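S.K.: Please see the structure below; I have some questions.
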Amino acid sequence: MSYCTLAVVGNFTYPSTSTSNPNPKVSISNSTQRRKEFVSLLKNCKDANQILPIHAKIIRTGHDQDPFILFELLRLSSTLSSVNYASTIFQLVHNPNVFLYTALIDGFVSAGSYSDGISLYFQMINRFIVPDKYVITAVLKACGSRFALREGKEVHCQASKLGLSSNRSITMKLMEFYGKCGEFDDARKLFDKMTERDVVASTIVINCFLDHGLVEQAIEVFDRVRVKDTVCWTAMIDGLVRNGEMNMALEMFREMQKGNMRPNEVTIVCVLSACSQLGALELGRWVHSYIGKHHRIELNHFVGGALISMYSRCGDIDEAERIFAMMKERNVITYNLMISGLAMHGKSIQAIEIFRGMIKLGLLPTSVTFVAILNACSHGGLVNLGLEMFHSMSRDYGIPPQIEHYGCIVDLLGRVGHLKEAYNFIHNMEIAPDHVMLGSLLSACKIHGNFELGEQVARILMNHGVVDSGTYVLLANVYASSGKWKEAAQIRAKMKEGGIQKEPGCSSIEVNNEIHEFLLGDLRHPQKEKIYNKLEELNQVLKEAGHIPATDAVLHDIEDWEKEQALAIHSERLAICYGLISTKPGTTIRVVKNLRVCDDCHSMIKLIAKITGRKIVVRDRKRFHHFENGNCSCGDYW
């Protein structure tokens, strides 16, 4: 190359001007024509590698300092995920103006390099280049994303001195910045000073509150918005879902429908997420039918993945598989969702087939893929295949195992009773075990009756330091199962001293598009009398069928008749009874429980399904149980 030499920068070969060949002089008309040509060529680039020959030609023809061409070059390089290349170009600019600074700061922000964007802005200020509204909004976005409160306040002062703080776009970016940094008073002052507090400004404030879990304050602002658009409704629904307010999110969606406001793709995905977590299958089906009626919402990766997740988590794995088969294009995220869904429902072989099909298509698995496939092996008791998959992660795909993958193997070994092997596996790991993994092994020790090893694991857990309420309960249960009531009582006393409360068992069931929740011995439901009458009727039928309550599941030192009473009012039983009295014969009953189903409830539900001729689907903390004809899909181990 006669006019430039090549220097390697990152993954790109960067053309740099040769010192022995100064740029040739060009006429103004020729320069203008060349500029148009280069800008047009750059705008047509679709890949970062296409930039290189164009840039080389720009240098050869002496246009490497043209600010218009440089702006397009910086913007394009940043857009095509080559911000390092853009940064190197910028370093060779003799006199960068505010527009070139803006282009690169935008590039840093888009790439998530917020600190670099902030540093570049202050470099610009130190060179006495006056900022405009575009660069100020760009750097404020970086400050908000980086929670750089001090730097953001400096930018605010500079904007005020330049008379730009009243600019609408800057005001809104300032509100967003202060909101992200938790400075709500400052954000609210800016909002209150706005002469035009429209839906866009209100949505920014709503998002700020919801990002920090301040649901009531967000609703207060939302309620005051007179004319709400789809974006405002979606922001509110999304924020409620992110803050765990699923019922409120679905109610908000119903209000949106009453107001004849059409949801967009993002709204649909947020609502499907709420349905997934609540197990609201009927509402999820309605949303699915809505998508079918409105062709502007496509069954793409985004919506299709949300539907697969919703149907999987709401108990209809067959429909999830149908959606997967219908999708014209699938990416690795779609495959991950399908594999994970099949694993939850105990369809381990089908999950493995989907995984192998993905590999044949040339799609590379991710860390998430291996969590899903290892879970499938665990639920299916496929020890050899699970270990092979685990070793193939780093060997074949260069993915180092993380704590979740190690945990899956411990769960797999514990599930099939290979307790010593699981214990040794933990000791030989390259990373320290967490309380979730140790709790999984402790649970396996309890199930398989190895209380000696269970006590060893319990001691490790107690010395571990980070123990949640579920782990404390499990520890107490292990001691109680082996008849060590004193030790069990000590664990419960320790919980009380530490102010740690046991998570209450809660079961929910969807009937006529409404979610009904039940706690242990719940008396709040309007139809409580009918529910308990049905429960008593079932207990009698079950007794006649030979069901003997598994009182050893109640791990308290009390009389057997007291244990039987405690078992009889578990939340999933109340939810099932409500399902039996409020749905037509033959209808599948679907229940979601936040904790693991106990042994006695599990055996009882199998009998109820057989006696009533109903299919009962229960989603607990670990997996799905499909009860039908006196059997369960989990094979009595979960």
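Just so you know, glycine gets a Cβ as well, placed from its N, Cα and C.
The repeat 'PPR' annotation in TrEMBL covers 97-131, 167-201, 229-263, 300-330, 331-365, 468-502. Summarising the annotation, TrEMBL assigns domain 'DYW' to 546-638.
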S.K.: Using a Cβ cut-off under 8 Å, which residues of the same chain at least 6 positions beyond either end of the repeat 'PPR' (97-131) come close to it?
M.R.: 67, 70-71, 74-75, 77-79, 81, 83, 86-87, 90, 138-139, 141-143, 145-146, 148, 151, 155, 158-159, 162
S.K.: State the non-local partners of the repeat 'PPR' (167-201) in its own chain: residues 6+ outside its ends, Cβ under 8 Å from one of its Cβ atoms.
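M.R.: Here the qualifying positions are 133, 136-137, 140-141, 143-145, 147, 149, 152, 156, 159, 207-209, 211-212, 214, 217, 225, 227-229, 231-232.
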S.K.: I'd like the per-state residue tally for the repeat 'PPR' (97-131) from DSSP, helix first, then strand, then coil.
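M.R.: Grouping H, G, I as helix and E, B as strand yields 26 helix, 0 strand, 9 coil.
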